[in-house]
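Asker: TrEMBL lists A:Cys229, A:Cys234, A:Cys237, A:Cys245 with the feature [2Fe-2S] cluster binding site. Sequence annotations record features per position, and here TrEMBL assigns domain 'FAD-binding FR-type' to A:4-96.
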Amino acid sequence: MKPYDLTEGKILKVYRENYNTVTVNVEVNLNNPKPGQFVMFYAIGRGEAPITIADYRDGFMVNTIRIVRDVTGYFDRVREGDVIHLRGPYGNLWPTNKAFGKDIIVVSGGLGLAATRWLLEEVIKQKHRFKNVISLYGAKSYDDILYREKIGEWEKEIDFRTILNIKNEMWKGKVGLITDLVKEIEIDKDSVVFMCGPDPMVNAVIEILKSKDIKKENIYVSLERHMKCAVGTCGHCMIGPYFVCKDGPVFNYKDIEYFYTKKGV
Amino acid sequence: MAFKIDITTLRQIYEKLKECYEVISPVYDNGVIQYRENPSFDAIPFGKTQIEYAGTYFVSDTEKNYISYVRPSNTLKNFLRPPQEVLYKVYKKDEKIYFESTHVKRPMAFFDVRKCDLKALSILDDVFINKNNYPDDYYKALRENIFIVAVNCSEVSNVCFCSSMNVDFNNDYMADIVLTELKDGFLLEVKTEKGKRLLEGLVLQEAKEDDIKEKNQVLTQTYTKIKKSINKENLKEDLYKKIDHPYWENIGIRCFGCSSCTQVCPTCFCFDIVERNSLDGSYSERVRVYDSCFNPTFATVHKFNLRDKISFRYRHWLLHKMAYWQDQFGDVGCVGCGRCITWCPAKIDIEVETNNVRDIL
Ligand SMILES: Cc1cc2nc3c(=O)[nH]c(=O)nc-3n(C[C@H](O)[C@H](O)[C@H](O)COP(=O)(O)OP(=O)(O)OC[C@H]3O[C@@H](n4cnc5c(N)ncnc54)[C@H](O)[C@@H]3O)c2cc1C
Ligand code: SF4
Ligand code: SF4
Ligand code: FES
């Protein structure tokens, strides 16, 4: 396959998550995508943007897109039946097998839940393979909560906890930071953690995990960096010697810690 | 196969190349020696020499020999991964979108490529093709149809430090024919079938053992003329260790972040893909352009530039060349051509800075 050729997809459903985020169902044939991977969406005259595969089953993909500017702006006006163009899947996967027989903790901040949604679905399907499944989700405000229906389903299956940064009279749950949730859980020292969220959140959560004696090599984070090519050729996504598009986006924390914790690397 | 030829035969070879290729060779124009498309043999700056220092460049005449100049100011990258290339033309018709991929194939002959630039070409081959899971078909289309006339340097400039950067003078890399200027003429070595075919029909005199000896002397002499060097032993480990050192701030104060160094570098490969569209939204071109890690937008994530200080950007650039590259492609990403030193308006010298960082305890 040529690196930049695009495939056609058809928008089957558009669901408005909130004021700036849409979830789309896309009918598209991808070559064996896996949880953790992403695609590049193209919009004519606007360019391309990397978007996580939030789910994929038999030719049907789910993506959740926050409207920012050029490319994602296209999805503000996308309608059911529209044909869109994309390429992928790219990147590596969440190594769920590393957590078999152990506690698995999934930590998602904000839109990071899109990157852990498919992972959660797979983990729930194979629940018996893990000792315990805990999922922690932090959203900014009540309006920012994604996948409300799904969360309802997940709460029935696993220990799924949500926390909001900002109080709201509609919200009966916890208010605070995601780190509060990480602090309160009781977990084994050999638990395996899968995490996706903004860099400051990742750093703060890592500190708490360290205080709980979780080993660095048992922590996996999915990183976000500027991307243009997605195939390890444009240089944009580098962090230290790693290309996030091809060596990641999922990294073992021990591997990247040295570069990740340095400012401006 | 090796021959001893004179300047008239060299001109004949040049003319033969022009019959089958678009020839690209160094030309002296507007005070600069640069690779140019379709010049004439007479435009080659024989007898000229470059005076190059950090932030300083000028060309003067010398009586020494024909090939007294060194590598041109621009590089093969400018032709094989051009500053602007259209990857796709995109049309919108009746709400449907059509893509037309636009591969350019133009047979190019590079007349006069030095060892540093040959090594740089092999590095670009690794980046775009050999060590890439998605080989770049645009680079490949241009790369597959080239002819290379390599030249062994008999002169060096003040900014050269190729000898310490894995550039092997005794390796002819992917050259089709190799030239070395001798006291009275040129040694012409033929390295490929393509090279052999080009020379068909020319009456050539076989080189003698003494000519080969003389060539080796030239190589050794040139080698010893190079003054600058970087010690590569533990280079990567040492730089990684010093990633936090305040000295990077010192460079950051001097560097303008202008990206000139990345533009002239033969191995800097980073690019952006931009859309050039019609106002009515019915047509767009996906254009690949040079980008630079010195650009403030290069590493933005949600409006935040992750390398928001120039010292971060310079450090990223130097570490990529000297260290990250080793992890990524198994070799340093610098060939020691010195172009970035000459063309830096702030007179920042990558060889000096690397050595400075290394010497800091
Ligand atoms: C692996 C990965 C997965 C992602 N998954 C999602 C997702 O599921 N949902 C979602 O809403 N967002 C996701 N993002 C972020 C999303 O890619 C950016 O918000 C988006 O690129 C902004 O594009 P734009 O054209 O609207 O913005 P502009 O500001 O116009 O950006 C122009 C271009 O710059 C690049 N760029 C700008 N910001 C980013 C960024 N933050 N990350 C990467 N490239 C950027 C892109 O090539 C983009 O098209 C993901 C990013 C990465 C790296
Ligand atoms: S970094 Fe400077 S010396 Fe090294 S190859 Fe690039 S331009 Fe030449
Ligand atoms: S090192 Fe020199 S050429 Fe490079 S960005 Fe800084 S000022 Fe410009
Ligand atoms: S996005 Fe181009 S190298 Fe990773």
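Positions of Cβ are set from backbone N, Cα and C atoms, glycine also.
All TrEMBL annotations are machine predictions without curation.
Have a look at these and tell me how they're positioned relative to everything else.
Answerer: A:Cys245 ([2Fe-2S] cluster binding site) has a Cβ environment of 25 other Cβ atoms inside 10 Å.
In terms of DSSP helix, strand and coil, the domain 'FAD-binding FR-type' (A:4-96) has 6 helix, 49 strand, 38 coil.
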Asker: Determine the most Cβ-crowded residue among the binding-site residues A:Cys229, A:Cys234, using a 10 Å radius around each Cβ and all protein chains in the structure.
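Answerer: Result for the most crowded candidate: A:Cys229.
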Asker: Identify, in sequence order, the residues in the chain of A:Cys237 ([2Fe-2S] cluster binding site) that are 6 or more apart from it along the sequence and have a CB within less than 8 Å of its CB; answer 'none' if there are none.
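Answerer: Those within reach of A:Cys237 ([2Fe-2S] cluster binding site), by Cβ under 8 Å and sequence separation of 6 or more, are A:Arg225, A:His226, A:Met227, A:Phe243, A:Val244, A:Cys245.
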Asker: For A:Cys234 ([2Fe-2S] cluster binding site), what is the secondary structure by DSSP, using just helix, strand and coil?
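Answerer: DSSP assigns A:Cys234 ([2Fe-2S] cluster binding site) to coil.
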Asker: Within 8 Å of the Cβ centre of A:Cys229, A:Cys234, A:Cys237, A:Cys245, which other residues of the chain have their Cβ, at the recorded [2Fe-2S] cluster site?
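Answerer: For the [2Fe-2S] cluster site, the extra neighbours are A:Met227, A:Lys228, A:Ala230, A:Val231, A:Gly232, A:Thr233, A:Gly235, A:His236, A:Phe243, A:Val244, A:Lys246.
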